[in-house]
Amino acid sequence: MEFVFLGTGAGVPSKGRNVSAIALQLLEERGQTWLFDCGEATQHQILHTSVRPRRIEKIFITHLHGDHIFGLPGLLGSRSFQGGTTPLTVYGPKGIKQFIEVALSVSTTHVKYPLEIVEITEEGTVFEDNEFHVETKRLSHGIECFGYRIIEKDIQGALLVDKLLEMGVKPGPLFKRLKDGEVVELENGTILNGNDFIGPPQKGRVITILGDTRYCEASRELAQDADVLVHEATFAAEDEQQAYDYFHSTSKQAASIALQANAKRLILTHISSRYQGDTYKELLKEARELFSNTEIATDLKSFPVDR
C-alpha cells in the first residue's frame, strides 16, 4: 500500500503544485489503484509516476469543485484509448453522474470498459468486499463534500509450518486444508484442527482521506485511530479566520484533528499557492508543534503505508 500524490495544490494550479489528486496504490493487496479526486491534468501527472491508468479500479470524488474533477473526462477517455478493459467505478456527490455523462457525450468520447457511476446520497458504507470497507461522512465545505475512511480487513495469520513439521506432517495438500481451518485426520489417527496451526491475524490498516473542509467533528470521527490521515492545510494558523470564511482548514487545525482522533500519522495537502518555494515548510512546522508525526505532500511524492 502506497500513496502517490499527483496534485497537492489548492484551487488553481501553480508552478510547483498541480490541483488535487491522490493515488492509493493497492498493488500487493489487490493489484489495483484507487484514485481520490481528479483535478485538471491528473493524467499528465500520472505520466511521471508508476501509476497505470488501466489499473485504476475506483475513483472517489470528494466534491464537485473544478480543481477536484476537471481531470476526470480526459482520464476516463485515455484509459479506454490505452487499452483499459476492466470495470471502473466512480463514486461522488450528486451531480457527478451528469458531469461525466455530459462531458463524454459532448466530446463524443466512448469508453470501451464497464463504467459505473455511484452518486453518494447518504453517509455510511459506500463500498465493501472481502478485503476493504469504505465509509464516508459529510464535511463542512461550501458545497456538499465527503471524506473517506478506508478500512482494510484483518488478514488471516500464517500457517505455523514449523509446528506441523515437528508433528511429522509433510508439505502438501494437508497444509492447504489446515490453512483453510479444516479438521483432518493423519494416517496414524491423530486429529488436527487447522485453527490450532494458524498464527495471529495481521490487523488491517485504516486510511482517512478528507476533502476540503473547515475544522469539524466529522473529520475527527473519520480519522479515529487511523494509521494515516490525509488532511487539507490550505492556510497557515495566522489565517484561521480566512480559512473559516472560505470553508478550509489551517495546518494547525489539521494537526488538532489528528491529535484528537489518535491518528498515527498526518499528511498535509491542498496547499495554497501563496506558499511558494520553501515557505510551505512553515505550515509543516506549525503542525508538528501540535502533532509531531506530520509530513507535507508535494507533487509526485510517494508515502508507503506500512503495517
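Residue 1 is the first one shown; counting continues down the chain.
Glycine is treated like the rest: Cβ placed from N, Cα and C.
As given in Swiss-Prot:
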BINDING   HIS63, HIS65, HIS141, ASP212  Zn(2+) 1 binding site
ACT_SITE  ASP67  active site, proton acceptor
BINDING   ASP67, HIS68, ASP212, HIS270  Zn(2+) 2 binding site
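Here the features listed in Swiss-Prot are painted onto the structure.
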residue	record	Cβ neighbours (10 Å)
HIS63	Zn(2+) 1 binding site	24
HIS65	Zn(2+) 1 binding site	20
ASP67	active site, proton acceptor	22
HIS68	Zn(2+) 2 binding site	26
HIS141	Zn(2+) 1 binding site	22
ASP212	Zn(2+) 1 binding site	27
HIS270	Zn(2+) 2 binding site	29
For the recorded Zn(2+) 1 site, enumerate neighbouring residues of the same chain (Cβ within 8 Å of the Cβ centroid of HIS63, HIS65, HIS141, ASP212, site residues themselves excluded), in sequence order.
THR62, LEU64, HIS68, LEU139, GLY142, ILE143, CYS145, GLY211, THR213, PHE247
Cα-Cα, HIS63 (Zn(2+) 1 binding site) versus HIS270 (Zn(2+) 2 binding site), nearest Å, comes out at 14
About how far apart, in whole Å, are the alpha carbons (Cα) of ASP67 (active site, proton acceptor) and HIS270 (Zn(2+) 2 binding site)?
10
For the recorded Zn(2+) 2 site formed by ASP67, HIS68, ASP212, HIS270, which further same-chain residues have Cβ atoms within 8 Å of the site's Cβ center?
ALA10, GLY11, VAL19, SER20, ASP37, GLY39, THR62, HIS63, HIS65, GLY211, GLU232
Tell me the Cα distance separating ASP212 (Zn(2+) 1 binding site) from HIS68 (Zn(2+) 2 binding site), rounded to the nearest angstrom.
10
Under a three-state reduction of DSSP output, how is HIS63 (Zn(2+) 1 binding site) classified: helix, strand, or coil?
coil
Rounded to an integer, what is the Cα-Cα distance in Å between HIS65 (Zn(2+) 1 binding site) and HIS270 (Zn(2+) 2 binding site)?
13
Which secondary structure state does DSSP assign to HIS68 (Zn(2+) 2 binding site), in the simple three-class scheme?
helix
Whole-Å Cα distance, ASP212 (Zn(2+) 1 binding site) to HIS270 (Zn(2+) 2 binding site), is 8
